[in-house]
Amino acid sequence: MEAPLLEMSTGHVVYFIHPRNGSLSEEDTFGVARWQPENGGEPFAIKGNLYGVNKGERITVHGKWETHPKYGLQFAVDHWERPLPKTKDQIISFLSSKFVKGCGVKTAELIVQKLGDRALERIMHEGAACLMGIKGIGTKSAVKIADSIKSNFEIQQIMMTLLPYGISADTVTKMYKQWGNECVDIVRRNPYRLTEIHLIGFLKADEIAMTMTIGISMDSPYRLNAALQHVLNETCYKGGHCFVFEHELIDRTKELLRGVSEQDIETELQLMAAHEQVIWEEDRIYPKHLYIYENKLAHKLACMATRSGGAMPFLEPMIREYQLQHGIVLAEKQREAVRELFRQQLLIITGNPGTGKTTVVKAMIDIYKKHYPEATIGLCAPTGRAARKLGELTGMDSSTIHMMLGFRLGAEPEYGENMPLPFDLIFIDEVSMKDLQLAYNLFQAIGPNTKVVLIGDSDQLPSVGPGNVLHDMIAACIPHVRLTEIFRQAQESQIIMNAHRINHGEQVVIDKTKDDFFFIEQPEPERIAHLVVLSVLRFLDKGYRLEDILVLSPMKKGVIGTEELNNALQAAVNPPALDKAEIKTAGRIYRQGDKVIQTKNDYDKQVLNGDIGTVIGTISIKNESGELTDEIGLACDFHGKVVVYSKHELKDLLLAYAITIHKAQGGQAPVVIMPVSTSHYVMLARNLIYTGLTRAERVCVMIGTRKALSMAISNNKMVQRNTALREKIESNLQSIPTGQRKVYG
Ligand SMILES: Nc1ncnc2c1ncn2[C@@H]1O[C@H](COP(=O)(O)OP(=O)(O)OP(=O)(O)O)[C@@H](O)[C@H]1O
């Protein structure tokens, strides 16, 4: 049966019926609006994907009439377009709209005066040249006006061609930025190229490829290439691996492509390796960038590790003087760490909580400054929270590694191989979180005369991103001092003592007369969720603030996963109210007063993955020229810095009443509440529970079953990560003959 022909109507949206503010997003594109056809007919309702339609602007909608059981006759929009304005008034109104940069009503009138009814056609064909000589338009603004008109209509054309294949308007805009007017040709030839610029994933590209008329064969090299890239990257980034073994990559790709022969996949892989799209080393296949990071990092670490000095007679009296001045006796391992600081260019200090890491860092800074008064010292950590804590404890400035390196959107960091960081000594805290890429960027920026001290707890979860950098460095014998003594003050904390027990595979011991560790026995997940909410409310009643409380769950899904806990906690802690602004998008509600977490590094806004803030309210979004638009966004406070999110940027912001233990790494709070249930037994591992517990500064409340806790404590099977950093550091170390090793200090 042939599809019914679509009808069309040109006119404008008088107002939006749903959503009332007309603020649609890529995730939430469905809208209903009151429509005024320009032929003078009666207004009617239109509905459908109206994402990108602005109230009042002239567009053409294509679709068909439908009868809604409740609302009657409506026009269901299949697609829409912005027609080329025809009359003088339409042209002036288009030229002075937000789509054309740098052109107000007066300038628009002057343009039409000079170029007439065919002004837009002429600008598109002749470019900026035809605008020259018009009063108030210089060369720069002529180019700006011409470019925005051209790109506007080109994007429209591309959208009309590609939207039917399920490519969203937002993706088209991004594609256009990358490929300009060639988008349609590129996608028609090889839809998988959309995966190259991370606009869509392989599965979506495959879907598009299969629906495009020219069709792409199942064993097309384009398809195989994209599938191999997809499997390689997914495996590395989801599993924290730096490479994937050849047989595993081929097997997984075969499973994904179903019906394509192993031989064809292997041939494509060989071609990819020959063109250095991937790196094939022995039986390992690396994404090219991870291979470069691993090799360069290994080389740099080995060079630094071979630079060590000899005896320092001045040091022992300085350590004694420090102890006297501060009324402290450093433990032998702490003294060893101070000595190693002076001897080594690169030093790792690890220890479980309460073993005196911060104390020894303070001693190191003090003694080093006494010996080298002119020395410049930098402090940093992978997350904002960890950096703030390091700054507070040492009384010195401290920043995130990203900020220290000067990460910028779409550009190399400010500091790197050719521009080393301007410090004599750098301390980096919470190094267990550092993944391969961040470690590479950091060490590239370390100059030949800068010392580096890495501090961390190697029993915590490894980094979220690829690599197992801290473990590999320790295993490769990079100078390392492990602090083991638990000091008396720390011994009084049940949190610290139980953290050590868990780490040794022993069950927790709780003294009910003390008030820092509680275990509430409850087997039912629904009841656990309820108790989590009650506990949070109780701590709030006691005077704790929301930011003092971390609710940690191992998982996102399920009744006691972060998603459902967040909904329950939002409803209990911050319910809707007339005086509280809120925004709804993609099924989530963000309300004034909500605790939120950024889930991606955004160098433009200067908020990093893991930063926690509070929603201040809603706000009108400004366009590129700084003028307010109809679009409503969200304003959040991140430790005194106000960050504004447009609706489509909210995908990078989640509620943070409950967060995963992985996300909580590098941060601590006075209170930690943690469900521990067999309902997420796949996630129950010792280092997970250990990491969660050690986020608590004052009180930890676990809710669940002892059985689940005991299962987690017994599960010490570390998930293996594919990395060759250790091997490469060792081989670099061997290739630097002892005679050529530099003396440092
Ligand atoms: N040599 C020492 N003699 C006596 N007390 C010490 C000594 N070193 C550290 N402490 C005390 O032990 C406690 C824990 O020390 P510190 O905070 O430095 O450990 P940490 O390893 O940094 O802990 P966390 O990982 O929990 O932050 C502190 O109260 C500190 O004052």
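Backbone N, Cα and C define each Cβ position, glycine as well.
Copied over from TrEMBL:
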DOMAIN    343-484  domain 'AAA+ ATPase'
BINDING   Gly354, Thr355, Gly356, Lys357, Thr358  ATP binding site
Same-chain residues at least 6 apart in sequence whose Cβ lies under 8 Å from Thr358 (ATP binding site): Leu393, Thr394
Cβ packing number for Gly356 (ATP binding site), 10 Å threshold: 23
Around the Cβ of Gly354 (ATP binding site), the count of other Cβ atoms that are within 10 Å: 24
Output field, ATP shell: CB within 8 Å of site CB centroid, site Gly354, Thr355, Gly356, Lys357, Thr358 dropped: Gly351, Pro353, Thr359, Val360, Leu483, Phe487, Ala490
DSSP residue counts for the domain 'AAA+ ATPase' (343-484), split into helix, strand and coil: 51 helix, 32 strand, 59 coil
Averaged pLDDT score, the domain 'AAA+ ATPase' (343-484): 94
Among Thr355, Lys357, the one of these binding-site residues whose Cβ has the fewest neighbouring Cβ atoms within 10 Å: Lys357
